[in-house]
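Undergrad: Questions regarding the structure given below will be posed in turn.
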């Protein structure tokens with residue numbers, strides 16, 4: 001398989017998608033942050049000094065998805081039609097699972113937007129409670145599923 005982000009002289013390029021058909025594309029990504037019981041309790045009881053952690057993480061995830069093309073050089077700037085972020089409490093870890101769904105009708109996929117949003121949301125949680133627990137671990141940031149586009153559907 002030839003990498004599409006390299007030209008015939010192996011120089012980086014952004015892929016030309018102008019000839020691609022516009023289709024509806026959806027991607028879901030997720031990741032987990034593990035933390036101490038003290039950090040978890042501070043978040044769920046909303047007793048952190050920096051404010052409502054999970055609500056802020058949701059907003060950050062949405063913002064991160066929208067900024068993907070500014071952070072990842074070969075990503076196209078796209079007009080996302082929808083972004084949704086869900087946070088699930090995982091008291092057994094303790095920690096949280098954050099999931100981002102990105103959607104558009106366009107000529108390129110939204111996997112990177114979902115993955116970037118997930119990463120930024122989790123990093124925001126870390127930032128807001130690092131005073132309580134610097135040993136938090138962010139893990140398993142992954143594409144869960146995608147639909148639409150030439151490469152077909154994917155489900156983990």
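One is the number of the first residue shown, and numbering goes on along the chain from there.
The backbone N, Cα and C atoms fix where each Cβ goes, glycine too.
Annotations for this protein, taken from Swiss-Prot, read as follows:
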type     : residues             : note
ACT_SITE : 127                  : active site
BINDING  : 74, 75, 76, 112, 113 : substrate binding site
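What's the neighbourhood like for these features in this structure?
TA: Classification of residue 127 (active site) by DSSP places it within a helix. Counting only same-chain residues at least 6 apart in sequence, those with a Cβ under 8 Å from the Cβ of residue 127 (active site) are 50.
Sequence-distant neighbours of residue 112 (substrate binding site): residues of the same chain at least 6 apart with a C-beta under 8 Å from its C-beta are 68, 72, 75.
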Undergrad: At a 10 Å cut-off from the C-beta of residue 74 (substrate binding site), count the other C-beta atoms across all protein chains.
TA: 13
Undergrad: Using the Cβ center of 74, 75, 76, 112, 113 as the substrate site position, which other residues in that chain lie within 8 Å, going by their Cβ?
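TA: Neighbours found: 68, 69, 72, 78, 108.
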Undergrad: Grab the substrate binding residues from the record (74, 75, 76, 112, 113) and give me their largest CA-CA distance in Å.
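TA: Spelled out: the longest distance between any two Cα atoms in 74, 75, 76, 112, 113 is 12 Å.
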